[in-house]
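S.K.: As annotated by TrEMBL, ATP binding site applies to Gly454, Ala455, Thr456, Gly457, Gln458, Gly459, Lys460, Ser461. For 437-641, the entry in TrEMBL reads domain 'FtsK'. What TrEMBL lists as transmembrane segment is 27-49, 88-107, 119-138, 158-180.
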Amino acid sequence: MAKKRTKSKSSTSKKKISFALSKQNKIILGSLLIVLSIALFFSFMSYYFTWQEDQSLLSEFKDRNAEASNLLNKFGAAVSHFFMYKGFGLASFAFPLLLAITGLYLFLGLNRKGLISKWIWGILGIIWVSIALGFFAYEQPLLGGSIGFEMNDFLQDYVGKIGIFLILVFVLMVILVRLFNFTPEGFANFFRTQRNSIKSNTKKKTPAMATLAAGDNSIELSMEDTETEKIDTYTHKKDIPPVIKEAGLDVNLPEKEEEIVDIGLKVEKVVEEKEEKDIKSEKLVKDFGEFDPKLELSQYKFPPLDLLDPHGVSGGITINQEELEENKNKIVSTLKNYKIGIAQIKATIGPTVTLYEIVPEAGIRISKIKNLEDDIALSLAALGIRIIAPIPGKGTIGIEVPNKNATVVSMRSVIASSKFQKAEMELPIAFGKTISNETFVVDLAKMPHMLMAGATGQGKSVGLNAVITSLLYKRHPAEVKFILVDPKKVELTLYNKIERHFLAKLPDSEEAIITDTTKVINTLNSLCIEMDNRYELLKTAMVRNIKEYNTKFKARKLNPNDGHKFLPYIVLVIDEFADLIMTAGKEVETPIARLAQLARAIGIHLIIATQRPSVNVITGIIKANFPARLAFRVTSKIDSRTILDAQGADQLIGRGDMLFTQGNDVTRLQCAFVDTPEVAKITEYIGSQRAYPEAHLLPEYVGEDSGTGIDYDIADRDAMFREAAEVIVTAQQGSASLIQRKLKLGYNRAGRIIDQLEAAGIVGPFEGSKARQVLVPDIYSLEQLLENEKK
Ligand SMILES: Nc1ncnc2c1ncn2[C@@H]1O[C@H](COP(=O)(O)OP(=O)(O)OP(=O)(O)O)[C@@H](O)[C@H]1O
């Protein structure tokens, strides 16, 4: 049957093809139209200069001796007369344009989808222009042509001059709105951005270098400015991994070749099949264009920059010369007190901290300076001093001193930076700025997972918002989906508005933002299923990662009937991970570790944030799989070591001051600041646009906790079963946490006992966040029930 069906399908498609033009014919017809359009254009142009001379000739068209002045002679004169005089006047120039476009489409074999609408809009435009010219240039009938003139006359008889004017304005509005997506806000925004760009161009840049004299020793202190390309400073060197541009090679070739070797004799057949497939997909691409995942929401507009607040920062950072001089003198004199001479000192000013780079005199031991950290901090009377001795890759020692007046790094400034705008990354994240005031952009897809820690109030939530905002500004809803876990229930709720654009959820859940531990476990397990499914798809597509897979899918080389589909990136964000580990332990840890180990190739990325970076929260297995770590200020050196494997996070100054590492280097950054109202505006903007019918659905996962139908053998019951049953019946409250508390059991064991109680008919089924119903009214009934069971 199936075969028959495919046969008949292919025969109909063949029939269809026979009606279509062959490639050669398309090229011929395309060239003809292009030549014709050029001929028309020149005829029309020259008509305006020669129409008077040629007018008498029109009746003598057949006379071979008569010669017209039009550049295309009699043909030009006649055709132009028809179009320009009898037709639409000046608007007729649109005809050669439309013909040329059609010719190009045919010539280049482009997808002809948009062509009809171009013609419809073109003809509407022609009619509008000719009537408008007939109306405004009544005295010059040649401009509007006979049709414009007559139609204008006709309309005037019925609706008068004002009526025509209003009709023209209305049709113009229709054209602007439908064709150019004109909106009053867009119009206002356009002018606002124009004004801003003019303003920013006129702003002067701060001087790049300054040299300070320092008393007798005349120590040179040079200051790097915002604009200088400071590449070699220890961690601020341009250490963002370069984007490896994929060469335009067919990535599948090596695999295909391997396959050919494996199957020996079938080589030729496979090659033939492959060619056939390639030809098919090429044909599909030619007919329908590449698959466009954004098509469903093709009208989607990315949030504009105006939604972000500049936070009062007009441009670069302000340099306080006095402060610099003072700090430098203090550093020099403190070191002098300990008999450490300095050969050179240099300062690099960042938004919140200034880095003083010292070159000590020959023969000074570096560890000596390192040990003076507290003394220098004391002499500068400042928090957050960090000494980097030596700066990796440089022969200097760095002392980071916080600025008295920190500059806020607005999200707006980092999003607007050309580094972010031009970033050719899969999932670009603009974290903020480095010490040398350079925008810091990294690719989440390359990280591939990130751990974030910081004591309360140090900027973690702002950091998470900065990550999500970066992606919202750069990616279409078809390309990335978020799974948000927010046990605190307040931090991420704003993103509810973009549920149907950007969020993913379990099929049966109402809320897309997960606040409940059980749901987190189910979601993580469902993500593991998604991961396995995706690996299966990658395997059948014979590609190594999601990027190759999607490229192949877009090139129509993968058949959706075989289960292939465009795969969006999935970013799982967990705020307050400590809370989850405390309540669910291994049940959360195991799937997270699995995802972290395996999910990089298939586009699932995890971002985990925690207030308490202690070893029982960030366990070895989790740490090993999260190479990218981000630390805001933490309370102790131990916490800093746990998160970064280095100290320093305890010496940060808070308010978005952070250390980022992706392996060896630790970079000090100032996190971009995005406030809640800004996030609200962005989500509102996205949320008000047309969305998918529902959130992206994850595969279904039936959690163990749903419990129904689990038949526990009496002999397999937990040793604490009876006690637990008594606790539940006495309290008349069927919750696992009650058993946990009263009997001092772990979450998992309590959960298992609840399942056993359900199987025994003592409590009712799982009811989400509510406690289960207790089906036994008192202890006496319970004893009877258990006795009966034994019989
Ligand atoms: N990058 C930043 N620039 C300037 N100020 C910041 C920055 N990040 C945070 N702040 C300030 O610190 C405050 C607290 O930040 P945030 O809410 O992100 O802390 P948190 O670590 O998430 O705290 P909690 O864990 O209690 O939720 C913010 O309201 C803001 O005033």
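Cβ coordinates come from backbone N, Cα and C, glycine included.
Automated prediction, rather than curation, is the source of TrEMBL annotations.
Since this is a predicted model, take the numbers as computed values, not measurements.
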S.K.: For the domain 'FtsK' (437-641), what's the mean pLDDT in this predicted model?
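M.R.: Taking every residue of the domain 'FtsK' (437-641) together, the mean pLDDT is 89.
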S.K.: Which chain-mates of Gln458 (ATP binding site) that are at least 6 residues away have a CB under 8 A from its CB, listed by sequence?
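M.R.: Residues satisfying the criterion: Phe632, Arg633, Val634, Leu652, Gly654, Arg655, Gly656, Asp657.
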S.K.: Looking only at Cβ atoms, how many others are within 10 Å of the one on Gly454 (ATP binding site)?
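M.R.: Within a 10 Å radius of the Cβ of Gly454 (ATP binding site) lie 29 other Cβ atoms.
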S.K.: Taking the transmembrane segment (27-49) as reference, which of 88-107, 119-138, 158-180 has the most Cβ pairs under 8 angstroms?
M.R.: 88-107
S.K.: Please list residues from the chain of Thr456 (ATP binding site) whose Cβ is under 8 angstroms from its Cβ, counting only those at least six apart in sequence.
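M.R.: Spatial neighbours, sequence-distant, of Thr456 (ATP binding site): Gln611.
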S.K.: Given the recorded ATP site (Gly454, Ala455, Thr456, Gly457, Gln458, Gly459, Lys460, Ser461), which additional residues of the same chain have their Cβ within 8 Å of the Cβ centre, ordered by sequence?
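M.R.: Those within range, site residues removed, are Gln611, Phe632, Arg633, Gly654.
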S.K.: For the binding-site residues listed here (Gly457, Gly459), tell me which residue's CB has the most neighbouring CB atoms inside 10 Å.
M.R.: Gly459
S.K.: What residues in the same chain, six or more past the boundaries of the transmembrane segment (88-107), come closer than 8 Å to it by Cβ-Cβ distance?
M.R.: 21, 26-27, 29-34, 36-38, 40-41, 44, 115, 118-119, 122, 125-130, 133-134, 141-145, 147-148
S.K.: Counting only residues 6+ away from its ends, which parts of the chain sit with a Cβ under 8 Å from the transmembrane segment (158-180)?
M.R.: 121, 124-125, 128, 131-132, 135, 152
S.K.: Tell me the Cβ neighbour count for Ser461 (ATP binding site), meaning other Cβ atoms within 10 Å of its Cβ, over all protein chains shown.
M.R.: 22
S.K.: Where does Thr456 (ATP binding site) sit in the DSSP three-state scheme?
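M.R.: DSSP call for Thr456 (ATP binding site): coil, neither helix nor strand.
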S.K.: Same-chain residues six or more away whose CB lies under 8 A from the CB of Ala455 (ATP binding site)?
M.R.: Gln611, Phe632, Arg633, Val634, Thr635, Asp639
S.K.: Using Cβ atoms only, which residues of the same chain lie under 8 Å from Lys460 (ATP binding site) while being at least 6 residues apart in sequence?
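M.R.: Listed in sequence order: Met452, Ala453, Gly454, Asp575, Ala609, Gln611, Phe632.
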